Amino acid sequence: MLEGYRGKALELLSSLGAEIGDVLQVYNDKVSVKGILMPSYSRDDSVIVLKLDNGYNAGFSVNKVKVSLLEKGNRPQERSEHRELLPGKVKIISTGGTIVSKVEYETGAVRPALSTEEIIRFVPEIQEITSISAEILFSILSENMKPEFWVKIAEAVKRAFDEGSEGVVVAHGTDTMSYTAAALAFSIQRLPGPVVLVGSQRSSDRPSSDSGINLVSSVLLAKEAPFGEVVVNMHGESSDTYTLAHRGVKVRKMHTSRRDAFQSINDHPLAKVLWKERTVKVLRNDYLRRSDGVELNPKFENRVFLLKFYPGLRPDIVDILLSSGYRGIIVEGTGLGHTSSDFQEAFKRAVKEGLFVGMTSQCLFGRVNMNVYQTGRLLQQSGVVPLGDMLPEVALVKLMWALGQTSDLEEVKRIMLTNLVGEYNPRHSLDHFPRWKHE
C-alpha cells in the first residue's frame, strides 16, 4: 500500500514494485540520495518522501530525479481501523503548533492533522489508551495567541466536558503555552477532569521529535490523573523516559529549544507520566480534586501592562499607560520587589486614578517581600500590592481575568491576593531552587 501517493509519484512507485518501507535511491546529475520510502502527505502528486540516514524526512519531485529500488524493507504492521477501544473518552483540541502537524515536504510548510483519523494515524498508540475525539479549533502560531482566543479555548473545553469527556488535551505552541495555561486555570474552575496543555519543541520530521511521546503521555494523563486542574505536560528530561505534569499557574518555559524546557517554578510537578509503562505517578496529594459543575468565566481585560523595571527606566511610562486607558500594571521588579524611588509618585497617581499596580520579581525563584527595605515600604504606601511568589506572566493573566470580572479596585485587589488555583505557594523548600553544577 502506497499511502498518500497519487498521480506521477504513484505511477512511478507502482512500476518499481515499491512499497512503504522499501529502500530507494533518488539521483540526478547533482545529487544521489538513498532512504526509506515514507507515506506522503503532500499535495503535489509528483513528490515522494524518503527518511534519510540522518533521521530526517525529505521530499523529492520525480520530475527532477530518477528513482530506483535498492531493497525491499520490512512491512509495517497494519493496525485495525475497527478495533474495540477501552472505556473512557478524551477530547483533543488543537490550536496550532507542531504537536499534531504534518510536514508538506515540497514547501516545508506544516499543517495540522485535520481529523480524529489523521491524529490516530499520526500517533496510533493513543488508541491503546482510550477512545478519542478531536477538534481543530484554529491553527495559529503561539506568538499570535490573544485573550479572545483564550475565551474560545475555554468554551471548547467546557463543551467537551459537557459532552462527556473525562479529560481534555489542548495542543498548543510552546512559546506562549504557559500564558494560555494560566488563562484556562482562572477562567475554568471546578473541573471534572484534567485539562492537559501539550506542545512539541522539535518538529515531527526530526529524529529527536518529542511530539509523539508528549501526545501519548498527555492522553494517558487526561484519562488517568485524579486531579481536576489545568496542567502543562512536557518532557521531564532530555531523553524519552517520562514527562512531567506541571501546574498551569506555576510553570514556565526555561529554555529555547531543550525538550525538557518547561519547569515548575517555586513548586513541584503534580505528576510523572511513564509513557512506556502506561503509568501516571502522582507526586503530590495537594492537587485540586475532580469536581462537578464546571464554572466558566472567560472574560479578560487586555488593557493590562507587564512593566519590567531596569536601571534608567523613566517613571513617565506610568503616565503614558494611564493616559492610554490601561487599567492595570504588573511590575516585574528587582530582587524582593523594587523599582527606583522615582516611581513612587507615578504609582500613587495611577492607583488614585483606579489602576491596580501589583509587584512581582524578576528573580522568578523566591517571593516578593516589600517590608525588608525602605524602597519596598514606600512603594506599598504608594498603593503597590506585593504578589508573593506569583510568576510575572501568571500575575499578568490573573489581573486580565480579575478586571474582566469586576471594575471595583478593592474587589480586584481581593481577587489578586486570593490563592484561587495554586498560583501562590505558601511553603518553599530548598529543592524548589535549581542548583546548577559547576564541576
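Easy rule for this one: first residue shown is 1, then count along the chain.
Any Cβ shown, glycine's included, is placed from N, Cα and C.
The feature domain 'Asparaginase/glutaminase' is assigned by Swiss-Prot to 88-419, with sequence analysis given as support.
According to Swiss-Prot, the active site annotation covers T98 (among others).
Taking the Cβ of T174 (active site) as reference, residues of its chain lying under 8 Å away and at least six apart in sequence are, in sequence order, G97, S142, G199, S200, Q201, M234, K253, A261, F262. What Swiss-Prot lists as active site is T174 (among others), and the listing cites sequence analysis.
Cβ neighbour count for D175 (active site): 16 (other Cβ atoms within 10 Å of its Cβ, all protein chains included). The active site annotation in Swiss-Prot covers D175 (among others) and is backed by sequence analysis.
If you look up Swiss-Prot, you'll see K253 (among others) marked as active site, on the strength of sequence analysis.
Mean pLDDT for the domain 'Asparaginase/glutaminase' (88-419) in the predicted structure: 92.
The number of other CB atoms found within 10 A of the CB of K253 (active site), across every protein chain shown, is 19.
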